[in-house]
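Undergrad: Annotations per TrEMBL:
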type	residues	note
TRANSMEM	28-47	transmembrane segment
TRANSMEM	103-127	transmembrane segment
TRANSMEM	134-152	transmembrane segment
TRANSMEM	158-175	transmembrane segment
TRANSMEM	224-242	transmembrane segment
TRANSMEM	270-291	transmembrane segment
TRANSMEM	303-323	transmembrane segment
TRANSMEM	329-350	transmembrane segment
TRANSMEM	357-374	transmembrane segment
Amino acid sequence: MPNLWKKLLLPLLKMPKHFSNYLHENKVLIGISFGISVGFILLYSFIFRHWVYDDAFITFRYAQNFIHGNGIVYNVDERTEGYTSFLWLLVVSIGEYIGHPVIFSQLIGLIFSISIVCLILVLPLFIPEIKAKTAAIAAILTTLNGVFNPWPMSGIETTFFTLLLLISVILFVYAHNRSSNLLLATTGIVLALLSMTRPEGLLITGIVIFFECVISLKQKNIKTFIALVLPFLILFGVYFGWRYSYYGYLLPNTFYAKVGTRLSQISRGLNYACRFNFYIIPWVLVIGTWLTKKQDALRNTLFVPLALAIIVFWSLYVIAVGGDYMLSFRFFAPIIPLFGLVTAHALTQLSPKNEKIFAVLNLMLLFHFFIFWFNPVFSINLYYDTVAAEGKEVGLWIKENTPEDTVIAVNTAGATAYYSERYTLDMLGLNDTYLAHLPQEKTWKGSDFAGHEIGDGDYVLSRQPDLIIFDAARGSAVPYFKGDIELYENPEFQSLYNLKEIELPSGKIFTAYWKIK
């Protein structure tokens, strides 16, 4: 046993002195926070281990074609950018290469979420105004929040993006604390990686560059501005140049498919943000009270103003694009660690005595506990979300029972397309250039579920798919989405297609319209 302990402790002994001192001085606090935070992540991940978001399989399909030498495409020989995360696609391509993309994406998502906890807990080493007590509270607030929890196991890039966002903010603040141009250059590289993970990374980059511009003008030092911006421009510029030459559009196809300019879209986004704020109201109240009572709250600190700016402008962006249809407020997940850190900082500043902090924190955690476990937005509906599982079963059935040149038309374009390995027409347009670029007046943008508002029945019919699946993965005889309805009401469709119901191995019924041969 002594030798085992020596082996386990040896890496710690080799750490820089200030790091090991910090861990030693705060071992109880950090240990408790780490145990609670990671314990809840693992518990949640175990309970929801079978849940994978269907859109994850869209990225897996691009990775599938990439690994098989067909290019980064959804359908072979069709260059459509129906994914929003280039860097995540490269990551899951590793999983595709070894033959287990789902398990790999969940495992790496779990690692990234635990990395976020670790980064929060050691934050005082990089940002002195954040104390160990603040970091410990922030880690617990973050991981017990139902907005943060689902995404490590979802198969999509949210947790990866969240980690990169947190790293970029910490690096930027630390670079100025150390007056290091090298660290600023590193920040620029991380911001480029962030922007290659999701387009929203450009928003974060813009905010950071604005702060740097103010600082460099105040200090009359243009070198710091160049140190930050130049590495970003080089790395992101090379990526963007390739991307534009490959796909031919400034933005991903998903943006054109989802975002419009109607006021109803902003109204929907505002509703989305208000519902999110209801579930996070204790945090808002604590921060608001702190900013009101402490007139000098934002002085002598770079981290808090930057974090607040990101939270505010991110929220405005989410409102502008109309929010999201996914459960658990996915669009707000990336700012939860920053939100938690500012909340914890405000709490410790308002209540220097531990008893008050402990009481308020307990109330917050009880609120989050009941919201998380008993509100269907965060738990029940996710647990029973079977779209990807049913899409997998339908896709495998199609693969085993149809010729390789079969063309299918679907609304849920993830698991069904991935497992069927058939040419797939995405009737909601995420992976179809024509549909994504339909004039707004020919869509329902702003008036229905985000990302489910476009369709063109005549266009789908002109493509003559061999089978058409209305509604979700297992299909429906009754049309649901815009394209479904237009198809169903078209006499030509009624004369060319027959409805068939097929019993799957699970006993569930697969309903689709098959082309009459």
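Using N, Cα and C of the backbone, Cβ positions are placed for all residues, glycine too.
A quick note: this is a predicted structure, and the numbers were derived from the prediction, not measured.
For the listed features, I'd like the structural context: burial, neighbours, distances.
TA: Panel annotation: around the transmembrane segment (134-152), residues 26, 29-30, 32-34, 36-38, 40-41, 44-45, 48, 51, 106, 109-110, 112-113, 116-117, 120-124, 158-159, 162, 276, 279-280, 283, 327-330, 332-333, 336-337, 340-341, 343-345, 347-348, 357, 361, 364-365, 368-369, 371-372, 375, 377-379, 382 of the same chain, lying at least six beyond its termini, place a Cβ under 8 Å from a Cβ of the stretch.
If you look at the transmembrane segment (158-175), the same-chain residues 6 or more away from its ends with a CB under 8 A from one of its CBs are 85, 87-88, 91, 108-109, 112-113, 115-116, 119-120, 123, 126-127, 148, 151-152, 181, 183-184, 186-187, 190-191, 193-194, 197-198, 200-201, 204, 208, 211-212, 228, 302-303, 306-307, 310, 330, 333-338.
Listed as Cβ neighbours of the transmembrane segment (329-350) (distance under 8 Å, sequence separation of 6 or more from its ends, same chain) are residues 116, 120, 123, 129-131, 133-135, 137-139, 141-142, 145, 147-148, 150-151, 158-159, 161-162, 165-166, 169, 200, 272, 275-276, 279-280, 282-283, 286-287, 289-291, 293-294, 297, 303-304, 307-308, 310-311, 314-315, 318, 323, 356-357, 360-361, 377.
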Undergrad: Which residues of the chain, 6 or more past the ends of the transmembrane segment (28-47), have a CB below 8 A from one of its CBs?
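TA: Same-chain contacts beyond the flanks: 106, 110, 113-114, 117-118, 121, 132-133, 135-137, 139-140, 142-144, 149-150, 152-153, 383.
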Undergrad: Near the transmembrane segment (224-242), which same-chain residues lie under 8 Å Cβ to Cβ, leaving out any that are not at least 6 residues past its ends?
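TA: Same-chain residues near the transmembrane segment (224-242) but 6 or more away: 86, 172, 176, 181-182, 184-189, 191-193, 195-196, 205, 208-209, 212-213, 215-216.
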